[in-house]
Each structure stands twice: as C-alpha cells, then as structure tokens.
Amino acid sequence: MTVLRQRKSGKVKEAPPTAELQSQTSDCCTDRRPERILHGGWSWTVIVWTSVGWSVSVGLGLLCCIYVATLHENDLWFSNIKEVEREISFRTECGLYYSYYKQMLHAPSIQEGLSDLIHDNLTESKRSINLLQRMNIYQEVFLSVLYRLLPIQSYLEPVYFYIYTVFSLQAVYVIALYLTAWLLSGSWLAGALTGIWYILNRVDTTRVEFTISLRENWSLPFLALQVTAVTCYLRPQLSALQQKVMVWLMYVTTFCFCLTWQFNQFILLVQALVIYTLDCLDFITAPQVTTLYLVQLSGLLSVWLLQFCNSMILGSLVVSFIVAALFIRHCQSALKTGSLLTRVGKLLLHSTMVLLLTVTINYLAKKVLQLRSDEHIFKFIKSKFALGHTSRDFDASLYLCEEAFGRLPLDTLERLAATLLLYPYILTLLLLSGTLALAALHNLSRSQDRKAASECHAVALRADVAYNVLHTLFFGLVAFSTMRMKYLWTGHMCAVAAYGVCGTELWTLLLNTLRCNSKFLLRLVRFALPLAMIGCLYYKFWPKLMEELSELREFYDPDTVELMTWISTKTPKRAVFAGSMQLLAGIKLCTGRVLTNHPHYEDKDLRERTRQVYQVYARRSPDDVHDIMTAIGADYVVLENSICYERRHGRGCRLRDLLDLDNGHVMDGPGDNDPDLVPASHPRFCDAIKSDAAASGYTALFTRTFQNKTFHVYRVKKRRKKSAKNPATEPGATQEQENEK
C-alpha cells in the first residue's frame, strides 16, 4: 500500500492513498487485522471476526504444544521409565543445561544455589567458573525458582514442569507466526494456514520433541514474537502511544531472545543487515532506523549486565556494526539526496565506510577485551567458504564434519513441497522481490533536498512487508548455507507463504494483470483459496498425523544406564571424569560428578582442553595420555567404542581422523594422505589399552574399573617411583578389580 508519511515533532500525518491503489484499501470489510479495533473500528462484525481469529490462534498454539508433548511421550514412554533413563534422554548439551535446573532444585536455598552457579567448580575440573556469565542458563534458574515457590510440588514432578514449559513455548511460537501472517495479510485465515503449515512441517520447523533443552527451543519463540512486534511497529496508522508500546514489546522480546541463546549476536547481526538494507533503500524513516538499532543494542547490553559483563557481547560483530552504522549515518546527513547515480555512489561509499568502521571497532574491542571465545565460529565460516587455510583446524572440522552444519539437503524442499508450502512461498517471494526491487529503484530515483530527505518518505511497498521479505531472504540464505539454521527460516517461511495466499496486494496485482479485478472476486479468492488449501491438507495429512501419534516406542539404552549406575554407586562423589563432551554432559546430570570438559564450546581454554582429552582416541603413548589426564585432574577416563571404532562418518571426518590430521599423522584405512603426514610411532590408545592390557606401559598408569559392550572406564593412577610396590597391591586395587566387568 502506497502511503506518504511525514514526521514532525513526533506526530504522524498520513496522506490518503493514491488513486491507483485505492481499490486495495477501500475494501475495509476484509481488513480485519488484530490492531484494527485500536483504530476505532468498533463494530460487532469486526469484534466477532477478530475474536474468532484470536481464538483460532490460541487453539492452534495449544494443538502444537499437545502434539509435540505427545510425540515425546510416545517416543520414550517418558512417564513409565526410571529417573536415570529420563535424565539420559537429555542427550548431549541438553543434559548439561538441565543439570543446572536440577542443581538449583537440590540446593538448600535459592541463595546457595545461585552462589554455587556463580562459583562453580564441578563443570570444569581445577577451575572455578561463573556459569551465569559463561552460559545462557537464566531460564533454568528462573524455572527452578518458580517451581520452588509455586504450590505444585505434590502433583507435578520437576522434570515435567521443565519440559511442559518448553513445549508451551511452542504454542507461543505458533501464535507469534500466526499474528505476523495476520498483520501482513489482514486475514486471520493466513494465520490459520501458517499454524497448520508449521505443524505439518514439524520435521523442518522444530526439533523440540527430542532436544528439549537446546537453547534455540527457548529463544526462537521470542525471536518470532520480536518479528511480530517489528512488523506491527512498521505498519502505518499507528498512534504515538501504540508505537511506544511496540518499542517496549520489541525490547522485551529482544532481551528474552538474547538471554536464552549464546548465538544471539549472529542472529541479530543478520537482522541488523535487514534494517540497514531497508534504510539504504529508503523504506523506513530515520527515527525508525535509530529505534530498531537501539532496541537491539539495549537488549544486548541488558544481557551483558545480567551475564556479569560477558565480553563476547561487547566484542560481537553486531554491536560493532550498530555503532558504526549509527555513527556513519549521523555524519552523512546528505546521504539521500541527488540523482539515481549520485545516490547509488553515495550508498556504495556509505556501505564501505560502515564496513571498514565495523571491522576496526570489532578488532579494537577484541584486542582490548582479549576476546578469543568465538574464534571457532569464524574458523568454521572460513573453512566452510574456503576463505583461509583452516582445512586441518580441529575445532572447525568438528563442525564441518557434522551433517547439521552442511548445506541444506534437497529432500528438505521435497518435504516442504509435499505440504503445499514451497510453491506459494516461491511465487510470493518472486512477486514481492520484484516489487521490492522496483520500489527501491523508485525511492532511489527521487530527487530530494536535505530537508525533504529527512522528513518525507514515499514508498511503493509497505515497510512491514519489505521488512519480512528481506527477513525471509536473508535467513533463507543462512539456512541454505547451514542446515542447522533452517529452523530460523522455515517458521517464518510459513507466514510469508500464507501472506501470499491471503494478502490483498498480491491478488490485486494478479487480477489486474488478468484484467478481471473486482471487490467480489478479490474477496472470493482471498477466502476460498486458503479454505480449499486447509481442506486439502486436512484430507491428506490428518490420517498420517493420527498414525504418527499411535506409534508407541520405549527408551532403551541399557549400557548407558549401567554406566551411570556404576558411577553413582562405585566412585567418590568428587571424582573427576574425562571423556567425550556428549557423554560427560550426561554424567554431570545423572551422577553429579566433576567433569574435565563439556559441550558448551564457547571458551578457548575449554576447546583446547577438549582437544587434549580427545587424545585418548589418537595415536599417542600411554605416558602422553597419562600426563594429559594428570594435568587436568582426571581420576577416570571413559572410552567409547562408538568413537574408537567409528563408522558413522567417512574417512577424514571420523574423530580419530581429525586427531590424526591435527597431530600430523597418517589416517587409518585405504585412501590418500597429504604428503606432509607421517606414520605415528604409537598405536591408537583407545584400542591398544584394551587389546594390550597386560603390557606394563598401560597397566602401570591405568586400571580398568568398568566395561560393557559400549564403554570402558579406566582409573588414572598416580605415578609411582621405581621402588614402589606393584600397582596391583595398592590400596583399593582389589576392590576395583572386583568391580571390573
């Protein structure tokens, strides 16, 4: 919708729509957006229709919540398995995060629990770290405090309070996407179609049912709410009070998003680039640009304070970019004046200056703060796009060898097409991208003096629509480059596709092209098509959903249960365990023992320690491994057959291969090796210690204390002088040999 907006002294004055677009806005009966009542549209028709829309949004949100909760229960039989099995089901880093919720609940008081988190010496041996500074676990703290204060302990177990909260956030997520589609299109049928698409494409929109504690499952609902607030803020016809309310909503949702996910800075950087593009192409006003930037910056700085001045936030690219963009914009007051070529030249110069200042600020900030915690992310990006010599970097290779960090597979698009989502999305994106390009060209072609450039904005595409188009384009590119990031894109994709199906502007354009546009036909298409699609989806997928919900499975991992039971009953409570990051997170949750390393990888010293611990899977001598374990204070080391004899990855991506490359050794198996690699002088430790257990080189330093089909646990002995007695006669050795399996 074309709108002339003038801002003077904080007031908004709106000019009437142009004649050529009058037909798009005259059909007020179909424009029942959720904020319409606030503009004085008090009629029974509007009230009833809007109430129905809100009811449908809540219903779809609850349906999604119940759906994922049922899948989780049916997949694990969660209500019937033992407590240790429930905790083991929190795989990898999920178990680490949940362990802090459990730790807070078991603390004598809330104050002592917080103190233990601030001065933690269990997560990393020989180190005391501030977990509230290092990790984004305020949600676990909040839930534990809430559970202790609410009178629900007698009928709701702590684990259910936790998982039901996460599943409830899925309802919030669906409602936020629903409202975004409703705001864009003016019809809550678009919201209904969005919610249905989100649920039917569950495989590609969320993984909450089996990764409950992942930070993204906490943060993405707040990101969706923030996008809804931004969409509403950029809409025309908002009063000054309503704009202030939207600004506060944007701040609160941005703050919650940043507080719950350590990768917030990279997501906000993409969003800041969207805002920057809208500003350069003259789609939003200068006050709106400044407000959006400051909302982002305020949210980040608020989290910085809560996280005890976490240096990763101040040293983030997004903070440097926002500061640079605001400063350069302030200095270039005549940026939006002149002819088309002049403005394009100014924009190129402007963008170059912003880029250079961003890099300079970020470099200086990291030097001053001595920040190296996020190095692995930039190494990963360099390796992924072949921007540097990092092909053998251990940290980067750990990411690159995982399928989740590869490119988006084509079968994802096939699944999206099967639910009738992909085709309307592509058509909508093409039409809107073309409109966006024409509108940008029109905006840049206008010749304005300085005063007019700062006060008047004539746009040929609504700012809220332009924002969502760029949002889905930018995050779509991120998703195609890295599969794990698709969850940032697919949910919003549902809203954009639904807007295309139900929106007025696109259908008006198509009907005008076909020379058959009329109010009646426009209404008919906007209501009939989404209803027909919903009916088709119901007919095609309802039986499949019922079949999926009827499938009953059960958690079964006896080897891990046996290991956790042995650790809990046969080892000292302050024993220190070394092993893979994924397994140690489970050991922390199930047994409370001290760890040497863990999956929260955003610390340089921890990454180096993890690389050292993983030498048990490399070709290293027993003396080297023993020295490493002694240096980090490990009492026990857990070896996993699934890693030592890994077959899941191909040659070059197995963990033992990454370690061989990092150590300069030739890899196992047939295949080419780089000419600078040399054969190792020692056998692979994890294999040799089992097959050659009688050799003095191993038994003098390690004693096997537990084994089953999956795990082997060895106690790290203290070095003895040559005159010492035989290791088998040391105190406690007899008991440990009896425990051997």
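The backbone N, Cα and C atoms fix where each Cβ goes, glycine too.
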Matching range for TrEMBL feature annotation, transmembrane segment, among 161-180, 181-200, 461-480:
181-200
Distant-in-sequence neighbours of the transmembrane segment (42-69), which means Cβ under 8 A and at least six residues beyond its ends:
29, 32, 34, 36, 163-164, 167-168, 170-175, 178-179, 182, 188, 191-192, 195-196, 198-199, 202, 206, 208-209, 545, 549
Positions on the same chain near the transmembrane segment (181-200), where near means CB under 8 A and six or more residues out:
30-35, 49-50, 52-54, 56-57, 60-61, 63-64, 67, 173-174, 228, 231-232, 235, 419, 421, 464-465, 468, 491, 494-499, 501-504, 526-527, 530-531, 533-534, 537, 541, 545
